[in-house]
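J.: TrEMBL lists 3-109, 110-209, 210-319, 328-434, 457-545, 546-607 with the feature domain 'Cadherin'.
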Amino acid sequence: ADTPLPGLNMVVHDQDVGDNARYTLKLRNVKNSAGIFTVHPTSAIGRTPVVIRVADIRGLDYDVADQSLREIIFDVVATVKGKEGIDTEVGSAQVVINLVDANDNSPTFPQSSYRLRVSESAESGSLISNITATDVDSNEYGSIIYSIKGFGAEKFYTQPMKEFMHICLDYETQKSYSLTFEARDGGGRISTASLFVEVEDVNDNAPVFEQREYSRTVREGATSFQPQLFVRATDIDGPNQGGGKIFYSIQSSNVDKDVFFVEPVSGEVKMNIPVNSSDTSRGQYEMVIRATDAGVPPLHDETRVLVRVGVPGNQRPIFRGNINVGKGPSGYATKVKENAQPGTEIVQVIATDPDGQDSLLNYFIAGGARDNFVINQSTGQIKVSPEARLDLESSGAHYDIIVHAVDSGTPIRETATTTVAVDITDVNNKPPVFSSNDASAFVRYVSERVPVAYVDDLDINNNETGYGTIRYSLSGESASLFVIDPISGIIAVAPNVSLDRERQSLLRFNVMAADTPQGGNEQRKASADVSIIDVLDVNDNAPSFTKNSYSAVVPENVAIGTDVITVTATDPDEEEGGEITYDLSNEERLMVYLVLIIPQDTLLPKGN
């Protein structure tokens with residue numbers, strides 16, 4: 001608003017002189033100009049340049065549906081006053097204005113955000129959505145170019161002028177994308193819309209077995225696998241396509257009868273009947289097990305399972321053990337400190353092979369060690385692993401380590417199993433901890449002149465099992481004034497001690513907390529060296545005059561109201577206990593003639 005119309009160069013000229021050259025200027029609407037412009041000046045004398053200013057910028061809008069509104073016409077009219085005072089038009093000039101477009105509008109999306117879905121199986125280049133912005137500006141200012149920004153934007157692209165395309169997507173790699181869809185017009189104005197693209201899962205991943213072939217050797221007549229035999233497969237498709245659920249089944253076998261079956265959910269292979277080496281020509285069962293997922297359509301994978309039947313007489317190794325575990329095989333039990341160093345031996349498991357050389361046995365940890373223990377395959381020595389974390393408070397106090405001993409027999413390698421029970425013993429590796437780290441938590445108040453007073457007890461914690469017995473002691477400059485119960489931690493003013501605030505108002509000392517065993521290398525301590533006892537004042541001091549006696553000489557004709565003498569007393573107590581009042585006593589004759597003036601503490605003669 002108030003912008004001058006450019007390029008007008010209009011001048012009004014009246015060749016009269018004096019008041020005869022005076023005239024007024026105004027605008028007359030011809031087309032679409034009402035209220036949009038003002039003329040300056042509105043009155044003039046003689047020759048005057050004319051300026052037209054914009055009064056209402058809202059009338060200058062190129063972006064209108066009616067194109068006739070883009071042309072504005074008005075007259076600049078000059079009038080003079082006639083003899084009867086009536087304005088008479090003496091001249092006019094017409095101004096024609098054609099509006100031109102400016103980039104005053106940004107692109108606009110119909111929505112501020114869009115939620116889109118696309119199948120991961122959609123072909124590259126498939127149209128996801130046709131998202132279009134509009135710009136009411138004309139020509140280059142109204143042309144729009146689109147772009148996509150954000151993490152994963154390289155997976156999508158747009159046509160130069162519109163649309164939202166995509167390239168190859170994979171649900172298992174990334175399930176959704178949060179992007180920004182940008183529209184830029186020819187003048188550089190930008191608008192954005194938020195895009196959330198959800199990738200729809202399809203069953204495009206078949207289950208995969210962990211092994212392409214499983215093999216096991218069993219004794220003649222065996223009715224179960226020792227240890228158990230599992231086949232396992234995994235499926236990475238999402239919850240809409242089964243969520244990794246897999247069902248197992250036997251597809252084929254080299255024998256007609258159902259010697260084996262597989263648990264459909266767990267994948268454990270079991271025996272229906274005792275195995276017999278004569279069932280097959282080579283004494284080996286062969287079967288194909290299929291893993292099928294729960295997606296649509298279902299996909300599957302297959303693996304081979306080979307079970308060889310050995311000859312009679314093969315026997316499993318036998319663990320010696322160091323404890324008797326009921327009717328089962330002997331087990332082992334041991335203890336180890338929680339601060340045991342890597343490489344520390346905790347126990348050695350030893351097995352014997354009834355039909356082979358014990359030195360050919362191999363030992364393996366099958367589970368329960370939680371990566372904190374390792375075993376020597378040849379000797380059976382179990383040690384603390386290099387990466388062990390045996391902290392009792394965070395890792396637990398007990399381990400049941402499952403150990404296998406496998407012999408070297410042929411054609412069957414027999415396996416024995418034992419359990420090593422390991423208890424972690426506590427060591428004193430953590431100091432006591434006061435219940436608060438805030439120094440203000442140990443600020444206490446006690447009144448002076450109290451012979452034996454309860455002050456406070458300090459709450460302290462120690463989580464160490466067996467080391468949680470705490471003993472307390474005091475030290476520091478004021479420790480002799482207080483006593484502490486070494487067991488409960490209760491602090492009190494020492495017997496025969498009377499605190500005096502006037503001598504010392506702040507008493508500082510340290511509280512030391514030490515766990516057990518006392519005096520050993522493993523003992524841990526903590527101190528609250530910020531403890532402060534603040535002595536509260538009591539009125540235990542009488543006022544005292546600055547002099548033992550005062551004397552004054554008064555003439556007999558002294559005027560009433562004349563100062564006689566000033567007396568001063570002090571009291572070291574605080575607050576009300578330190579306030580002093582004065583009075584005359586014991587001298588009745590003196591009181592007849594003198595009066596005490598407060599607060600000047602001056603004796604004056606009385607009026608009588």
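Cβ atoms here come from the backbone N, Cα and C positions, even for glycine.
TrEMBL annotations: computationally assigned, not manually curated.
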J.: Count up the helix, strand and coil residues in the domain 'Cadherin' (110-209) according to DSSP, in that order.
T.: 7 helix, 45 strand, 48 coil
J.: Provide the three-state DSSP residue tally for the domain 'Cadherin' (328-434): helix first, then strand, then coil.
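T.: Result for the domain 'Cadherin' (328-434), in helix, strand, coil order: 7 helix, 48 strand, 52 coil.
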J.: Write out how many residues of the domain 'Cadherin' (210-319) are helix, how many strand and how many coil, based on DSSP.
T.: 6 helix, 47 strand, 57 coil
J.: What does the DSSP secondary structure composition of the domain 'Cadherin' (3-109) look like, as residue counts for helix, strand and coil?
T.: 11 helix, 52 strand, 44 coil
